[in-house]
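Participant: The structure that follows is given in the form of structure tokens.
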Amino acid sequence: MDFRVASTRRLSSGGSDAHSRLSFYLTAPTLEVSLEEFEQYALDRLRVLKGLEEALSRGRRSEELEALVIDLWRKYMRTSNGSDLNKDIISHFVLRLVYCRSDELRKWFLSMESSLFRNRFHSEAPDDQKRFLEDNELPYKAISTSDFESIKDKLVQVARSLNQPSPNADSTFYKVPFEEVPELVAGRKVYIHKGQAYVPSTQLTFLVAGQFRSKLSKALVLTYRKWMSVISEEESDRLAPIVEALSSRYLGPDYSQGKIKSEVALQDMDDLAKTSFPLCMRHLFFKLREEHHLKHGGRQQLGLFLKGVGLKLEDALAFWRSEFGQKMGVERFDKEYAYNIRHNYGKEGKRTDYTPFSCNKIILSTPGVGDHHGCPYRHFSEENLRAALGSMHLGVRIVDEILEKVRNRHYQVACSLTFEATHGSQTIGINHPNQYFEQSRKILQPKVPQELANDNTETTTAS
Amino acid sequence: MGQPHVDAMEVDSSRNVRDSTTDYMQVDELPAPEQNKPADVFSPEYLRLYYSRLFPYSDMCKWLSYGNDGKHPGCDSSYLNRREFSFTLDHDIYVRYVSFRNASEMESSIRDRCPYKIDIGAVYNVDPAKRTAYASSGSEKVFAPVERELVFDVDMTDYDDIRFCCTGADICLKCWPLMTIAIKVLDTALREDFGFEHILWVYSGRRGVHCWVCDVKARRLTNEQRAAVAEYFRVYKGNENNTKKVSLGGSAMHPSLLRAYVEVLRPFFEDQILSNQGLLQFEERYGKLLDMIQDDGIVAQAQDRWQSSRRSSETDVSVARWKQLKNLLESGKHKGSGLRRCVEEIIFSYTYPRVDFEVSKHMNHLLKAPFCVHPKTGRICVPIDAEECDRFDPTAVPTVADLIEELNKGEASLSNVAQNQKERDISKTSLMKSIELFRTQFLNPLLKSCKADVENSYTEKLHNTQTKLDW
Ligand code: SF4
Ligand SMILES: [Zn+2]
């Protein structure tokens, strides 16, 4: 990384119109930026990425996403002096520094940046897309007509499996190693034969985005190494503090410490679960009570939530032990599970204090066989969700209203409706299970002084 | 899934092992029923004998060297040494980051410590035993995995909601066909779709199978690409609270799924799984299956008919009822791809491989080595011939006790005196068959292509330095 940070002077790198507005961000800028810009640009880009994340977690359709990305971009990334491209590049490289430093952060950054790139690329005019391919020397060649004819059946079948119009002789397909289009492979969105993926030109975006992703993925690891070995030391007075600060700037309330300073007592837990837990946690809690066991995903989701609620480590251990112990004996619990709980409280292993999961993260999780974690609005069948809501004594009409939101994939809105129905009070929206809990306590137990998160206008982080 | 998640740069506390070994799922299962375990299939003494006389060290090292143990100037002689092994010793003591330079080092280390389980990890950029020297931030090089076979782990416990013959750690010949299906479906797709050639299937010693894809292309996949390949095999989207278990896509199936369906899933389901598991025999079983049908009318019709019939003890009642159900679903009145899709969804739910995705997604996930002994069953983790997997019988896999007995009373069947002592020992036992399978089906073809790889990369390197010199 070769930032030269100056306080006033700026050298502009030739961002003329002859080039595509998009970039693979292959080389770090050598332009000079002021420290203020350094930070401001990064924050602006972060706002774009966070907005995108929220939309993704709401399961927005691709057209909606694209419109949103263009909007966000316009709102935050425009500059008054026409150096949009510089701002794009600088902010990207700054956030690289911020998000290179753990696997979790890298993963988040990679997937948000890739999605951002994909949406931006997709919205470009075909000519601009072509120019981008040429600028970046991407050598994609269409398959011949005879090749097309020989595998036409399969290509038609893939299109039908995606409910897309069948390809015909005019359609263009690119043949690329499957490694280059991981997203298309993962979703079975292409025909793959002997290691080659046949990508229709309508999916060109994925092909390019795949390139983007793999380049960025590698670059992030390199950035991390460089950060560790050189930058953090050389820049210990200037950039490093800013980067540190940026990485903790989550644009949302932090629930890792249990914001309600009053701790909750073990014996109140059942009542609290009934009145103040959001459905996801309520379900996990009572499943645990019922089965005296939860699989890993459930233990994490509930365990960190309880930590955020204010359950102390000793109580947490006692709580989990009393449940698991019934099924497997206390000894086995202490041997195999206690570690994990202490770990979540930062008492073992890397000693990181883990943060409770946000709705985004929970909604994006993929519970499997035997799992009870996830967001009920997202992961339950309609029937089971109806039953779960019924057990909270909600009327048929409100349940129907909630299910309607679910059908439109507004899971958090559905959760907010549930909150309002069970508390007889408005909410500004639910984006974190711990926020749900705190709002609920505020209403049901007004004597506890609360300076509850007023800053809910921005989303909570994915961490 | 959630934190804590062990990642390349974070692995260093040996207590983290539980999160990163493939068997971490075992933590979630109830204690195995011990009563049907003969007391004499396993003992530390047998294990010691097995490691000293039978364990195929040189085959293992030949495999894991991938041709780098030769004399060719293109060979990377540090390759094997950069591979992580890990041992599970008695009393659940884990030792990670063990490494070997060659077969004899491997042999003396294993004989010395007599591990209950040996796991194979990734190839790192440096010898994992010396990793701490690189971990410090002052150094440019960070300890990180660079290569790893693409692996799959299929475990019978993930099928517990659809098998009624046994649960948990038990398996029997009634449920084993589910593993046969997994092998067939995955093996075909890995070869036909992804173009891989060097694939090793191994019995996990108790209730599942492991798959090692060893092509150089596979070994160099990034975590993301691994995840993509694994996800390609995900059709099962159900969880405990959602009865709609599979999602097969739009109006047609992806060619890969269709092939699996026509060639493997449907025939296995109709010929074996239905009657083996008595899927439509009892009310609580067919109730579960009928839950997957969205048409209440049909469900009611089927229930009416089946509740009143008294034939539920007949063995083929499930087959007969399946025919009835299919007729109902496919009959003219209800025609509509939605309901016909139901038949496919049901079959997929009850047969399609359930891969443990986490194992496949990360380069540095550990997986149990072939030819280990399972300490609970005493069985050897033998290779399985994918082409003959229908005939594989997990209950007939030799236990370490069987082998020791054969060793004690057997005579070498090889007359060739040039064989070394170990070969002669092996040839006295039924392990011979497995080792021969390992060599002929897997190792020999693999080494042949490795040789070509080594030569190619060498000429490439030469070429590169030449152009550099020219410049
Ligand atoms: S929306 Fe958030 S709080 Fe509500 S149930 Fe889902 S994950 Fe839990
Ligand atoms: Zn069985």
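Cβ atoms are placed via backbone N, Cα and C, with glycine included.
Note that the structure is predicted; figures quoted are calculated from it, not measured.
In case it helps, TrEMBL gives these features for our protein:
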BINDING   A:C280, A:C359, A:C375, A:C415  [4Fe-4S] cluster binding site
DOMAIN    A:271-437  domain 'DNA primase large subunit C-terminal'
Participant: What is the pLDDT of the domain 'DNA primase large subunit C-terminal' (A:271-437) when averaged and given as a whole number?
Facilitator: 87
Participant: Neighbour count, 10 Å Cβ-Cβ cut-off, for A:C280 ([4Fe-4S] cluster binding site): what number do you get?
Facilitator: 29
Participant: Can you give me the residues near the recorded [4Fe-4S] cluster site, meaning same chain, not A:C280, A:C359, A:C375, A:C415 themselves, Cβ no more than 8 Å from the center of the site's Cβ atoms?
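Facilitator: So the additional residues around the site are A:P278, A:L279, A:I362, A:I363, A:P376, A:Y377, A:R378, A:Y411, A:Q412, A:I430, A:P433.
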Participant: Could you check what DSSP calls A:C415 ([4Fe-4S] cluster binding site) once collapsed to helix, strand or coil?
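Facilitator: Its secondary structure by DSSP: helix.
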Participant: Using DSSP reduced to three states, classify A:C375 ([4Fe-4S] cluster binding site) as helix, strand or coil.
Facilitator: coil
Participant: With every protein chain in view, how many other Cβ atoms are within 10 Å of the Cβ of A:C375 ([4Fe-4S] cluster binding site)?
Facilitator: 27
